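The structure appears right after this line, and notes come after that.
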Amino acid sequence: MAATPAELSNAIAELLEAAGKDRPTLGLVPTMGALHQGHAALAQAARAENDVVVASIFVNPLQFDDPADLARYPRTLEADLDLLGAAGVDVVFAPTEETMYPGGLPLVRVSSGSLGTRFEGASRPRHFDGVLTVVAKLLHCAQPAVPAEYRAYFGQKDAQQVALIRRMVADLNFPVQIRPVPIVRAADGLAESSRNVFLSPEDRLNALVLSAALRQLRDRAEAGRPLDLPAAVGLITAQAGVELDYLQVVDPLTLDPVPAGPEDTLTGPALALAAARVGGIRLIDNMELQA
Ligand SMILES: Nc1ncnc2c1ncn2[C@@H]1O[C@H](COP(=O)(O)OP(=O)(O)OP(=O)(O)O)[C@@H](O)[C@H]1O
Ligand SMILES: CC(C)(CO)[C@@H](O)C(=O)[O-]
Ligand code: BAL
């Protein structure tokens with residue numbers, strides 16, 4: 001385990017050198033811990049494609065607008081280290097808040113622009129500035145000091161986060177490739193999330209309406225039928241115990257809404273994005289739609 005950027009750099013340099021290649025590959029898997037099968041899929045994807053794999057565990061205060069949400073965020077370091085070890089991760093970077101933000105929260109931050117104020121950003125003000133700022137720092141901390149292919153792995157469950165990180169890397173010339181990993185779902189269809197541990201059995205059953213509404217949109221798109229977004233919205237709003245935040249069909253890259261009314265059929269790839277509160281817990285989910 002590495003606790004400081006210097007320890008991380010040294011460990012990465014040694015492992016890249018030990019790979020014995022002209023241009024070895026390095027994969028970084030950023031997480032906030034409380035790991036589950038979704039994170040395991042990220043680590044496994046990185047392990048399959050790289051000589052050296054690093055994961056980070058850091059609950060980033062900068063991306064929480066709600067102090068209560070930050071305070072109760074689950075922390076399970078020992079189990080996390082076991083999961084990452086089993087997935088074949090070489091080094092875990094687990095810095096303290098003081099190490100990441102010496103002297104307090106940073107004055108200079110990455111701005112997520114207009115893409116960061118919609119959907120998740122509308123409900124969680126400044127969330128994506130906090131995400132991009134810490135991801136920029138983590139990417140710098142793990143940046144290989146010798147010639148290497150550098151890749152970073154993010155879950156498609158956080159589709160807006162992936163879109164924003166891709167834009168940051170392109171707009172600010174970060175020398176890293178962003179690799180999205182498909183959503184991992186539990187057997188009942190619920191997208192795996194660290195916050196699922198807060199759901200009561202009844203909340204969990206109620207929450208299944210989210211993936212059901214997304215599947216309805218996906219099936220309509222595949223069948224070439226009109227999407228009828230209002231019908232999918234109706235499915236969620238009719239579910240007791242679930243408070244819909246948004247359900248929208250968008251362009252996968254720009255996240256601009258695409259027409260999805262009762263008469264609109266899909267003309268290209270799209271993404272259905274959803275967020276809801278279930279038993280006071282905010283859940284997000286999404287699904288790719290193909291015409
Ligand atoms: N079900 C999942 N499938 C694929 N990737 C996932 C899944 N859940 C989380 N990830 C990815 O794991 C990385 C770390 O996410 P994070 O530690 O915030 O976990 P989380 O389960 O999303 O937590 P949260 O409760 O904050 O939603 C992110 O890139 C995220 O998209
Ligand atoms: C990318 C990330 C690790 C940054 O804190 C976080 O937003 C997450 O876990 O998705
Ligand atoms: N996976 C997103 C991190 C967060 O909810 O803050």
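Here the Cβ of each residue, glycine as well, is placed from N, Cα and C on the backbone.
From a predicted model like this one, the values you see are computed outputs, not experimental measurements.
In TrEMBL this protein carries:
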{"type": "BINDING", "residues": "32-39, 155-158, Val184, 192-195", "note": "ATP binding site"}
{"type": "ACT_SITE", "residues": "His39", "note": "active site, proton donor"}
{"type": "BINDING", "residues": "Gln63, Gln161", "note": "(R)-pantoate binding site"}
{"type": "BINDING", "residues": "Gln63", "note": "beta-alanine binding site"}
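Taking each Cβ in turn and tallying the other Cβ atoms within 10 Å, the top scorer among the binding-site residues Leu35, Val184 is Leu35. Of all the recorded positions given, namely His39, Gln63, Gln161, those whose Cα is no farther than the 10 Å limit from the Cα of Val184 (ATP binding site) are His39. Proximity to ligand 2 at the level of Cβ atoms, with a cut-off under 6 angstroms, picks out none of the recorded positions Gly38, His39, Gln156, Ser194.
With a cut-off of 6 Å between Cβ and the nearest atom of ligand 3, the recorded positions His39, Gln63, Gln156 reduce to Gln63.
Annotated pair Gln63 ((R)-pantoate binding site) and Gly38 (ATP binding site), C-alpha to C-alpha distance, rounded: 20 Å. The 10 Å shell around the Cβ of Gln63 ((R)-pantoate binding site) contains 21 further Cβ atoms across the protein chains shown.
Within the same chain, the residues at least 6 positions away from Ser194 (ATP binding site) whose Cβ sits under 8 Å from its Cβ are Met32, Gly33, Ala34, Leu35, His36, Tyr73, Pro74, listed in sequence order. Taking the C-alpha positions, the distance from Gln156 (ATP binding site) to His39 (active site, proton donor) comes to 11 Å. Recorded residues Gly38 (ATP binding site) and Gln161 ((R)-pantoate binding site) have their alpha carbons 15 Å apart, per Cα-Cα distance.
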